[in-house]
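A.B. asks: Below you will find the structure I want to go over with you.
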Amino acid sequence: MRQPSKAVRETVMEIENYKFRFSDIAGQTGKRNKWLHYFESVNSVIYVISLIDFHTFTTTGQVIANSKQFCKKEFHVFLNKRDLLASCLQKENFSDYFPEFTGELHSLLLLSTGFR
């Protein structure tokens, strides 16, 4: 069973003279003062978000969208846990978190299948 992260975990790799630093902030999303400074000197951000965690994206997404550390940064967004989205949408109302969404739930499922 996967244990939630209690601190920012970092891994550094060098591939063909390019340095890659991966910072896992999972479990720290609400404590931006602990992780936001990690992004001050980066060129690009790989952002992995679980499709079933759409309720947390409103908080984390706002932090990212409104932070000076992220303006002018290249973003690559990866969505995971697509296989769990249907069961999650039976328990949580997507429009509670994104009221501007007026479509049907099957539209969300159809949209998620397009990201392969």
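A Cβ is built for glycine as well, from the same backbone N, Cα and C atoms used for every other residue.
Annotation source TrEMBL lists Mg(2+) binding site at SER5. Annotation comment: TrEMBL describes ASP24, ILE25, ALA26, GLY27, GLN28, ASN80, LYS81, ARG82, ASP83 as GTP binding site.
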A.B. asks: Which is it, of ASP24, ASP83: the one of these binding-site residues whose Cβ has the most other Cβ atoms within 10 Å?
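C.D. replies: That would be ASP24, with the most Cβ atoms nearby.
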A.B. asks: What count of other C-beta atoms do you get within 10 angstroms of the C-beta of LYS81 (GTP binding site), across all chains shown?
C.D. replies: 14
